Amino acid sequence: MSSSSSTLVYTPIEEISKIHASLKENFNNGTGKLADINYRKNQLLQLGYIFQDNFSRWEEALAKDMGRPRLDSYMCVLYAYNNVNSWAKPSGPSTWNYIWAPLSPTILKEPKGVVLYILPFNLPIWTLTGLAGAIAAGCPCVIKPSELTPASAALMAELFPKYLDQDLYRIVNGGVEETTKLLELPWDHIMYTGSGRVGRIVATAAAKHLTPITLELGGKSPAIVDSTANISLSARRIFWGKVMNCGQICVAPDYVIVTEDVKDEFIKECEAAYKSFFPEGPEKSESFSRIISEGHTQRLKNLIDQTRGEIVFGGDVDIKARYVSPTLVKNVALDDVLMQDEIFGPVLSVVSVKNAGEAIRIINGRERPLALYIFSNDSKLKKFVLENTLSGSVVVNDVVIQGGCHLVPFGGTGASGCLICYFTSDTRHSICINGQFFEFSIGKQIEAFTTTVNGIVTFEA
Ligand code: NAD
């Protein structure tokens, strides 16, 4: 495989199984370097240097791929670097038990094996942060960037071999055909970030080999605004979340549910936010990105043309320029085209309701969202929404910020994605002194519990 910084070269199909086989071989019968935490730390630093040393080239690639404004993407490996020693340390049970303590049960944190990591187009660098976790866990990885970001994918193909150990970390570039070939192979774990449609293809392929998977998907993330909220601030924040990266953010607010008493005020404040964000107009603004492809731009144009809602502002589309202006649509009915699939563009629908109970019914009548936003200063309402909905994360009085916080888990639930298990081995090694081992299936119960609970993250700004 060869690539320059501007031309994306797909990995030849026949190379793909060879790359997989060599990583498997190096994991199973390698030199044992993965067991050395200092080796993993070195590779983590190298991963960071790929971005630090080549900052302006990444900025250039992101601008080429999606007209991305400067500094709109980042990557942090230091958290994994600083914590890998304690993460990788064997641990004991959290509570002391007089029957089991003398047997010193211990959990070893063993890497699962070779990981396939499939990336989406919308945040080529940010979505790579999971790679740091896989490196910290001691897993060799194959990374498959999105073919819709050719400049970033080509830069990965050029730089990764210069910085990372090629025996264990490889880039495979390509589209559907190459990804299909990758998915035929028996990986030890697949991390997939992208749409639910392809997520189902990935899950089906993984099932053939009983490969555990992490699905990081999308969907329609709602924002609720009630009369106790600061309406001006709510409109600014929701609108910012919608225009950032031209609405192509997995946790962007997809639609807003506003109580009728503040609907007009909310719309007026959205117009004010629009004018203050783009005084010269969005087309000229350096902080407004473009849609990833002409096909995606056409999809958004179709939605704008077909909606039965009322366009308050925006609605301008230039297919060739991949431009869609920030668009606000009011009086959107629940069965409108805008309320079917994830919008993934700068079009914000406003749905009005009489009360919070109605908002909950709308949310619970749909697939579980990746994110849920509550704009309210009524503590009873916040509690009510939290207790009566399920989503990947909840943020109160702000949007999108949860994706930037490395201190809490990030993920979805149901159709917005699920963490089926972690990188470290799911086969717990219980070390029992004196050769006795009593099987009460407690470990399995704990595991079943931890993989079926939903880690909801709450923020309040
Ligand atoms: P996508 O599903 O179209 O593509 C993702 C990857 O799948 C790409 O690498 C692509 O090459 C591959 N792919 C596409 N079609 C395939 C097929 N038929 N068979 C096998 N592989 C195939 O997703 P996208 O449009 O690049 O990304 C946008 C989606 O990702 C949105 O839904 C967004 O919400 C979601 N997303 C989620 C997160 C998260 O953390 N939960 C983060 C970013 C994006």
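Any Cβ shown, glycine's included, is placed from N, Cα and C.
The domain 'Aldehyde dehydrogenase' annotation in TrEMBL covers 35-417.
Under the heading active site, TrEMBL lists Glu216 (among others). Shown in sequence order, Thr127, Gly130, Met191, Tyr192, Thr193, Gly194, Cys250, Gly411, Gly412, Gly417 are the residues of the chain, 6+ apart in sequence, with a C-beta less than 8 angstroms from the C-beta of Glu216 (active site).
The number of other Cβ atoms within 10 Å of the Cβ belonging to Cys250 (active site), over all protein chains shown, comes to 28. According to DSSP, Cys250 (active site) is assigned to coil rather than to any helix or strand. Positions annotated as active site by TrEMBL: Cys250 (among others).
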Task: Reduced DSSP assignment, Glu216 (active site) - done: strand
Task: pLDDT averaged over every residue in the domain 'Aldehyde dehydrogenase' (35-417) - done: 91
